[in-house]
Amino acid sequence: MSEMTPREIVHELDAHIIGQQKAKRSVAVALRNRWRRMQLDADFRQEVTPKNILMIGPTGVGKTEIARRLAKLANAPFIKVEATKFTEVGYVGKEVEQIIRDLTDIAIKLTREQQMGKCRQRAEEHAEERILDALLPKPKNDWESTETDSSSNTRQVFRKKLREGQLDDKEIDIDVAQPQIGVEIMSPPGMEEMTNQLQSLFKNMGQAPAKRRKMKIKEAFKLLIEEEAAKLVNQEDLKEQAIEMVEQHGIVFLDEIDKICKRGETSGPDVSREGVQRDLLPLVEGCTVTTKHGMVKTDHILFIASGAFQMSKPSDLIPELQGRLPIRVELDALSADDFKRILTEPHASLTEQYIALMNTEGVKVEFSESGIDSIAKAAWQVNERTENIGARRLHTVMEKLMEDISYEASEKSGSAFVIDADYVSAHLDNLVQDEDLSRFIL
């Protein structure tokens, strides 16, 4: 897992997300606390439970982006899910326990990559021997089986050429394991164990024998390394480590949690809102979930929930779930200055993306300071007058602004454009000032 300090985590998030320091600090501390907990004695460690987070803020201010960037920094099993995708147990739709099953699958993949990385050197040696065997087949007759000095020397010559890349383009016939055909079975509620057993049965039935293929040595070497590394990984140890990783370091990001709040007085079962909240309770509090890899305890999994709460309030969540999300963080609405920073400061910012895209056609595009100010102001004004969709408004405004250049770029190779205040005014003023037009076009 990540050993980064909270300050380092915030610094990494700053490279991609403008503002929202409170939210960044909260997730940074939560991530660091995962590491701190693992430094404690085993007995005391069990008593330290994660403090789950609820992020509240309007749409388009960076809630989901924080989750995306955090996933890359965490170096731990991480899953982002939309709360609206789930229904109460017993009804058609996904059950919330599927979150933990998917998280376990992610952990299996992560652990497999780590273990295969550790035994990569041995896998390369085995792959090298298999390629040399294909290049220099061993004699089939028993009386010729003793390796002579000349054949040994020839093998060493070919080994040297192989390592230097001189044989990369040479084609060989080699036996390569066939990919397994997966069978997806939709399981009825409460019958996941039977479904897993059926899937295992089909998986074993569908194992095809190795197929002889003709390919270049460079391609064959990559395939054989993967194949040999997979053979060296102990599957039982892999499952144990993955489950341990989920239980101790797993992070679940629940997006759009405000959409499962109960709205007004409704009669009948609310299976996709309050029902989902009730099902989430044991998951967030701590329970045991059955997966095809084994039993997974959720007691120490960190849950980060987020929602815009425009049509509802955090207090509309059922009280038990509110209590299980003790840390509340409010994200601020974006100002015109924030828009300006979003256009220029982050790594691979929106302006940099358009400059790079047009450069592929031989067209040089430059954004002046006044142009960036005007774009930011236009996006902010449209947000204020119509629906506030946050930074996503910049994508709409920029696409409309660059529409003519993008369309004609292939015919204007070698030309240059400067996007200044006058250019922005000429292309956007009518749309921004006309509220009806901006509602439909921007």
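Glycine is no exception: its Cβ is also placed from the backbone N, Cα and C atoms.
For the ATP site, Swiss-Prot records I18, G60, V61, G62, K63, T64, E65, D255, E320, and the single candidate of R155, R385, R392 listed with them is R392.
Sorting the binding-site residues I18, K63, E65, E320 by the number of other Cβ atoms within 10 Å puts K63 first.
For the ATP site listed in the record, the two most distant Cα atoms among I18, G60, V61, G62, K63, T64, E65, D255, E320, R392 lie 33 Å apart. A 10 Å cutoff on Cβ-Cβ distances gives V61 (ATP binding site) a total of 26 other Cβ atoms nearby, all chains included.
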